[in-house]
Amino acid sequence: MVLWSLVLGLLLVVIVGYLFLPGLLRQRRPQEPPLDKGTVPWLGHALAFRKNMFEFLKRMQAKHGEVFTVLLGGQYFHFVMDPFSFGPILKDSRRKLDFVQYAQELVLKVFGYSPMQGDNNMVHSASTKYLMGDGLEELNEVMLDSLSLVMLRPKGQSLDAGCWYEDGLFHFCYNILFKAGYLSLFGYTKDKEQDLLQAEDLFTQFRKYDLLFPRFVYSLLGPREWLEVGRLQSFFHKMLSVKHTQEKDGLSNWVAYMLQSLREQGVTPAMQDKFNFMMLWASQGNTGPTSFWALLFLLKHPEAMRAVKEEATQVLGKVRLEAEQPFPFKLSALQHTPVLDSVMEETLRLRAAPTLIRAVCKDYILKMASGKEYLFRQGDMVALFPYLSVHMDPEIHPEPTAFKYNRFLNPNGSRKVDFYKAGKKIHHYTMPWGSGVSICPGRFLALSEMKLFILLMVTYFDLELVDPGTPVPPVDPQRWGFGTTQPSHDVHFRYRLQPAQ
Ligand code: HEM
């Protein structure tokens, strides 16, 4: 008995020592950035970071400046806040910083998907082929049909033109973009009404997963929530199984190409199901929330709404909706909307807040734009949070928290790309899509579908906030760092389809 207690005691000391000692013992070495381990062994600043990453990093930046190292749950992260010094990290020709390793661990945990070597290149080449150029034009056609189906509803349950409907704007936008995006990428069956019902069910479950997502990533779920996450994962693996998708018409070339590549590499069907879940997440988790913020900003800024509507009339001409027909819409118009482009860029600047992470594979020296050099230790992580260091920098974007619909327009109406900090032109003046090897490969499709949705909403519908005085809700603080943020609560609005003339 005494012996067992001794052994157990010893084991405990070893475990605690293993977990906490590296944190307690680590000291800042010459050339390393300021080190802030917080007060809690091993956890470091994890609690403050997870509670509100934006506010935490703001404090750290004020305390330590352009580069600092923080301990977060046993892992050291070097945050680089100077946008002029991002280049070497994003390009890293010396292969000392790695995006894939971190991403692989994350997708295994979150989607159950165990990535193959070369997946990242495969996804990017599928996207270059099918989410850009001619491939994108084809997909835009499909997206227009899907949006028409979802927004106008199938025969028998069509919206009553002239009749007002009420909904939460966030729910409305997310629901429509999700269903149209899912059907366009994962295909239809012969029964469109059934497809819509299935897409609705998928959305309901997707939102449950979405709400648990930030705390799941940070391993903060309670036992019941863990069970729920497991149930939801199984649900998605089943609903998106390759067995089902193969039976569908019009599976997008994008998904078909990627599944074909996985099959050729001998990836099992069960693993392909998980891959589909990951792609559903990547393709549908941000477009709905971004469209919500864009429409809300337009509803709160009548001068911006007027400018977007005027532009829509110019590029689309006089449009007429006919009963039981898809929205008439010239897709080429999407190429000629500088005002709406500026609205989208401004919305993404204000509300898209991804974290870019790279693992340090070998000791790495970052040469800052100032000429100063910092050493990052092998095994640590390098992180960029451009929302704070770029999007909210008042030097780059004066009055950074204000929505200015024409911030990205030159006086002559063309797209503005010249932004400066300390008198120097800045290359990365917004980074909603990430950058470098991990840049979002769906960004062109994302912009097309969101713009299409907004143009349909402002052209064919009357829209108003139920309470015009309602303020723009704050960002849910748990969502910083995960792509487009979400509001802490929904905003009620009403809409009606304008009667066919
Ligand atoms: C507003 C909408 C969107 C935003 C703000 C967004 C943003 C991002 C960001 C920040 C990343 C990760 C960058 C990083 O880790 O460094 C990413 C990755 C990705 N996105 Fe998007 N995205 C959007 C829409 C889409 C759409 C519509 C698709 C596909 C149809 C898509 C497909 C992907 C994929 C596959 C990845 C992973 C790429 C990789 O592994 O390298 N995204 N996105």
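Yeah, the Cβs are placed from backbone N, Cα and C, and that goes for glycine too.
On a predicted model such as this, the values are computed, not experimentally measured, just so you know.
Listed in TrEMBL for this protein:
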- 6-25: transmembrane segment (TRANSMEM)
- LYS109, ASN286: substrate binding site (BINDING)
- CYS440: heme binding site (BINDING)
From the binding-site residues listed here (LYS109, ASN286, CYS440), select those whose CB sits under 6 A from an atom of ligand 1. ASN286, CYS440
Using a Cβ-Cβ cut-off under 8 angstroms and a sequence gap of six or more, which residues of the chain neighbour CYS440 (heme binding site)? TRP433, GLY434, ALA446
For LYS109 (substrate binding site), which residues in the same chain are close in space, meaning a Cβ under 8 Å from its Cβ, but six or more apart along the sequence? VAL217
Hey, what's the Cβ neighbour count for ASN286 (substrate binding site) at 10 Å? 26
